[in-house]
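A.B. asks: Below, the features straight out of TrEMBL:
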ACT_SITE  228  active site, proton donor
BINDING   12, 13, 14, 15, 16, 17  NADP(+) binding site
BINDING   96, 120  NADPH binding site
BINDING   213  L-homoserine binding site
DOMAIN    12-147  domain 'Aspartate/homoserine dehydrogenase NAD-binding'
DOMAIN    155-363  domain 'Homoserine dehydrogenase catalytic'
Ligand SMILES: NC(=O)C1=CN([C@@H]2O[C@H](COP(=O)(O)OP(=O)(O)OC[C@H]3O[C@@H](n4cnc5c(N)ncnc54)[C@H](OP(=O)(O)O)[C@@H]3O)[C@@H](O)[C@H]2O)C=CC1
Ligand SMILES: N[C@@H](CC=O)C(=O)O
Ligand code: NA
């Protein structure tokens, strides 16, 4: 007997979304792509047959697919209704960083539509949304997978969930949680050798490489790391009310802090950032005088219910100082593992590795729905 078809809606075709589509095109037993959206355009397989499916691969190939319905941006409720009416189980992959779409996850889940996403916003916003998401999933018998919200494709959330589910006691989680900030400090202040790179030039490079959030200030102000720690803390059992409920050290010059988060605001920020290179150079030099390097780290002390995010200096021969490229390193201290933590390390940003986490989650959801 062949498995009944599963229907897929994908929103977002940026760095991660494009890499995801190309992985989707190669997946055996891939669900039928029936909706594909970017900020101002939506492609739909025509109803009531939900056929022909949209060809995966990339946006241009998809948009050239025959007999598709094409429209502008659709409200989340309409996307949910469209997917819920498909003649089989449905999955939404959210490859945006849109908080408004994330706030609608409960609407999708209550209708039985499973969610797969690298978008951190829904899981790190107010605790009430977190609770609503998982209660709605239970109500709609739908699944929620979001591995790439922390450490991109690295098995961070699955590891933590396994530790908790098997009865281990997680006491502390610490490390480098930002691919962008890892790349910036590894390049700007390497542990071996020296670098003349200007901070602003390395920020521009990280943006170009697709490591940053759509607005790079979300990385530089520490909020991206704070969101990841909020997600990990919640999975470890702490009721963190929101990512701004603990102190976060920002690397954004105060003079640039109030620029708007529009495309113009981002461009203005990037243009004026070189004026403040001396500030980061001074932080680097101060660490250098002590024979150390500076890195941006985070930690969760589960027993003390304490979350910290900010700059710290490290000996040059330490594991954190020696990270390369966009690598994350995440150490789980638990009762079972004792003094030697379970460590997950590897690339923590970039389209391909993030999409890998999304595709792997999709495979798990498809297997569980069949
Ligand atoms: N880049 C990385 O290394 C990692 C990213 N992530 C997360 O992955 C997500 C995507 O990141 P990335 O691909 O880099 O971001 P991009 O800015 O490259 O892409 C965002 C995409 O979302 C679309 N979009 C935004 N808002 C909406 C909306 N309301 N409705 C429909 N489409 C919308 C954009 O449309 P348009 O094409 O029209 O602009 C674009 O296609 C983010 O949540 C990010 O935090 C997680 C881990 C690592
Ligand atoms: N901007 C983020 C992307 C992954 O979450 C980062 O740099 O870590
Ligand atoms: Na991950």
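In case you wondered, yes, glycine gets a Cβ from its N, Cα and C as well.
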A.B. asks: Going by DSSP, is residue 15 (NADP(+) binding site) part of a helix, a strand, or coil?
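C.D. replies: The residue in question, residue 15 (NADP(+) binding site), is helix (DSSP, three-state).
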A.B. asks: Determine, to the nearest whole angstrom, how far the Cα atom of residue 228 (active site, proton donor) is from the Cα atom of residue 120 (NADPH binding site).
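C.D. replies: About 7 Å separates the two Cα atoms.
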A.B. asks: Same chain only, sequence gap of 6 or more: which residues have a CB within under 8 Å of the CB of residue 96 (NADPH binding site)?
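C.D. replies: Counting only residues 6 or more apart in sequence, the Cβ neighbours of residue 96 (NADPH binding site) under 8 Å are 11, 12, 14, 17, 39, 119.
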A.B. asks: Kindly state the mean pLDDT of the domain 'Homoserine dehydrogenase catalytic' (155-363) in the predicted structure.
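C.D. replies: That region's mean pLDDT is 96.
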A.B. asks: For NADP(+), what surrounds 12, 13, 14, 15, 16, 17 with a Cβ no more than 8 Å from their Cβ centroid?
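C.D. replies: Counting only non-site residues, the set is 18, 19, 20, 95, 96, 351.
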A.B. asks: Any idea what DSSP makes of residue 96 (NADPH binding site), helix, strand or coil?
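C.D. replies: Coil, per DSSP.
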A.B. asks: Including all protein chains displayed, how many Cβ atoms other than that of residue 14 (NADP(+) binding site) lie within 10 Å of its Cβ?
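C.D. replies: The Cβ of residue 14 (NADP(+) binding site) has 17 Cβ neighbours within 10 Å.
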A.B. asks: Less than 6 Å between Cβ and the nearest atom of ligand 2 is the rule; apply it to the recorded positions 12, 14, 17, 96, 213, 228.
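C.D. replies: Checking each Cβ against ligand 2, the ones under 6 Å are 213.
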A.B. asks: I'd like to know which of these binding-site residues, 12, 15, 17, is least surrounded, judged by other CB atoms within 10 A.
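C.D. replies: Lowest Cβ count within 10 Å among the binding-site residues (12, 15, 17) is 15.
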A.B. asks: Mind telling me which of the binding-site residues 13, 16 has the densest Cβ neighbourhood, counting other Cβ atoms within 10 Å?
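C.D. replies: By the 10 Å Cβ neighbour count, 16 comes out on top.
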A.B. asks: Pop the Cα-Cα gap between residue 213 (L-homoserine binding site) and residue 120 (NADPH binding site) into the table, whole Å please.
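C.D. replies: With the alpha carbons as reference points, the distance is 11 Å.
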A.B. asks: Less than 6 Å between Cβ and the nearest atom of ligand 1 is the rule; apply it to the recorded positions 13, 15, 16, 96, 228.
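C.D. replies: From 13, 15, 16, 96, 228, counting a Cβ under 6 Å from ligand 1 as near, the near ones are 13, 15, 16, 96.
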